[in-house]
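Positions annotated as signal peptide by Swiss-Prot, on the basis of sequence analysis: 1-48. Residues or ranges marked as topological domain 'Extracellular' in Swiss-Prot (evidence: sequence analysis): 49-102. As annotated by Swiss-Prot, transmembrane segment applies to 103-125. As annotated by Swiss-Prot, topological domain 'Cytoplasmic' applies to 126-296. The domain 'Thioredoxin' feature in Swiss-Prot is assigned to 132-269. Per Swiss-Prot, the feature phosphoserine maps to S211, S243; the stated evidence is similarity to another entry. Annotated region 'Disordered' per Swiss-Prot: 272-296, in sequence order. What Swiss-Prot records for 277-287 is compositional bias 'Low complexity'. Annotation comment: Swiss-Prot describes 293-296 as motif 'Di-lysine motif'.
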Amino acid sequence: MAVLAPLIALVYSVPRLSRWLARPYYFLSALLSAAFLLVRKLPPVCESLPTQREDGNPCDFDWREVEILMFLSAIVMMKNRRSITVEQHVGNIFMFSKVANAILFFRLDIRMGLLYITLCIVFLMTCKPPLYMGPEYIKYFSDKTIDEELERDKRVTWIVEFFANWSSDCQSFAPIYADLSLKYNCTGLNFGKVDVGRYTDVSTRYKVSTSPLTKQLPTLILFQGGKEVMRRPQIDKKGRAVSWTFSEENVIREFNLNELYQRAKKLSKAGDKIPEEQPVAAVPAAVPDEESKKDK
């Protein structure tokens, strides 16, 4: 199953992959990932390469290169078991393929290895992964508007994502969060986002660390009555995020989105008859110690 699941997901997403390859970032990344395969297999380039094969064929893999490629396949399958979206699957394949390519090129010729590393550095500096541009019902906050919007109508429940464009986890979660906003956004339940990579004072104010070591990005916070009710991922005593998978099912379950949505619809139907002090959702204001220990 560990092998079949990624293959089925890959085949199912062939149309989307074809659109990706039309973009410079994915096309160049795929080209770099397959660089050693192309150099080793395509004549006349491969004919001048050194080889350790007994038959002396320079256009075929030797046993050590096969071992490295098999090890790469095992690592990719292990990493993809925790991947949720196709973007995460493809990202893992690209990343570990480039590492394997660098090892193979350095083993072949140190000059080719240095050239490949240089190309990868230039690629990272000049090409950025495309941001999600699909449909969504999400309001984007700045450092000046987030507090004002949360306090404007305390009957409205807000789910706010704290993200940074450089974070691959945030990029992978973007289509999931957008899909949730399309399904659950209504008058009494709104979705928002704030770029803490750009507005650093917001990250300090809401205690969301932007350091890659803490793994706190993305962070989802539920606000009711203008105050924080819960957040995912939770933070341990060392300031590191407790491991939590940002899947659509987990967000719906942990944040009680179905219940929040039903209560928000009742709020929109009742209008001004409902006083502001009435709670919008029955989500506990604090996470019990037992749950925190269980999550950890």
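Even glycines carry a Cβ here, placed using N, Cα and C.
Under DSSP, residues within the domain 'Thioredoxin' (132-269) fall into helix, strand and coil as 50 helix, 32 strand, 56 coil.
Remote same-chain partners of the transmembrane segment (103-125), defined as residues 6 or more beyond its termini with a Cβ less than 8 Å from a stretch Cβ, comprise 28-29, 32, 35-36, 39, 49-50, 64-65, 68. The domain 'Thioredoxin' (132-269) scores a mean pLDDT of 91 in the predicted structure.
Long-range Cβ contacts of S211 (phosphoserine) within its own chain (separation 6+, distance under 8 Å) are none.
Shown in sequence order, P233 are the residues of the chain, 6+ apart in sequence, with a C-beta less than 8 angstroms from the C-beta of S243 (phosphoserine). Applying DSSP to the topological domain 'Extracellular' (49-102) sorts its residues as follows: 35 helix, 0 strand, 19 coil.
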